[in-house]
Amino acid sequence: RDCCTPPKKCKDRRCKPLKCCA
């Protein structure tokens, strides 16, 4: 959840692999 909103968190290691960050 937190990884996708806001998308800025996609820079995080654990968030990067998520589809919402691709």
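Each residue, glycine too, has its Cβ placed from N, Cα and C.
According to Swiss-Prot, the feature disulfide bond maps to CYS3-CYS15 (among others). On its own chain, CYS15 (disulfide bond) has ASP2, CYS3, CYS4, LYS9, CYS21 as residues at least 6 apart in sequence with a Cβ closer than 8 Å to its own Cβ.
The disulfide bond feature in Swiss-Prot is assigned to CYS4-CYS20 (among others); the stated evidence is experimental evidence. Around CYS4 (disulfide bond), taking its Cβ as the centre, 13 other Cβ atoms fall within 10 Å, counting all chains.
The feature 4-hydroxyproline is assigned by Swiss-Prot to PRO6 (among others). For PRO6 (4-hydroxyproline), other Cβ atoms within 10 Å of its Cβ number 8.
The feature 4-hydroxyproline is assigned by Swiss-Prot to PRO7 (among others), with experimental evidence given as support. DSSP classifies PRO7 (4-hydroxyproline) as helix under the three-state reduction. The local packing around PRO7 (4-hydroxyproline), expressed as other Cβ atoms within 10 Å of its Cβ over all shown chains, amounts to 11.
Feature annotation from Swiss-Prot assigns disulfide bond to CYS10-CYS21 (among others); the stated evidence is experimental evidence. On its own chain, CYS10 (disulfide bond) has CYS3, CYS4, LYS16, LEU18, CYS20, CYS21 as residues at least 6 apart in sequence with a Cβ closer than 8 Å to its own Cβ.
Listed in sequence order, there are no same-chain residues at least 6 apart in sequence whose CB falls under 8 Å from the CB of PRO17 (4-hydroxyproline). Per Swiss-Prot, 4-hydroxyproline is recorded for PRO17 (among others).
What Swiss-Prot records for ALA22 is alanine amide, and it gives experimental evidence as the kind of evidence. According to DSSP, ALA22 (alanine amide) sits in a coil region rather than a helix or strand.
For the pair PRO6 (4-hydroxyproline) and ALA22 (alanine amide), the C-alpha distance works out to 14 angstrom.
Note: the Cα of ALA22 (alanine amide) and the Cα of PRO7 (4-hydroxyproline) are spaced 10 Å from each other.
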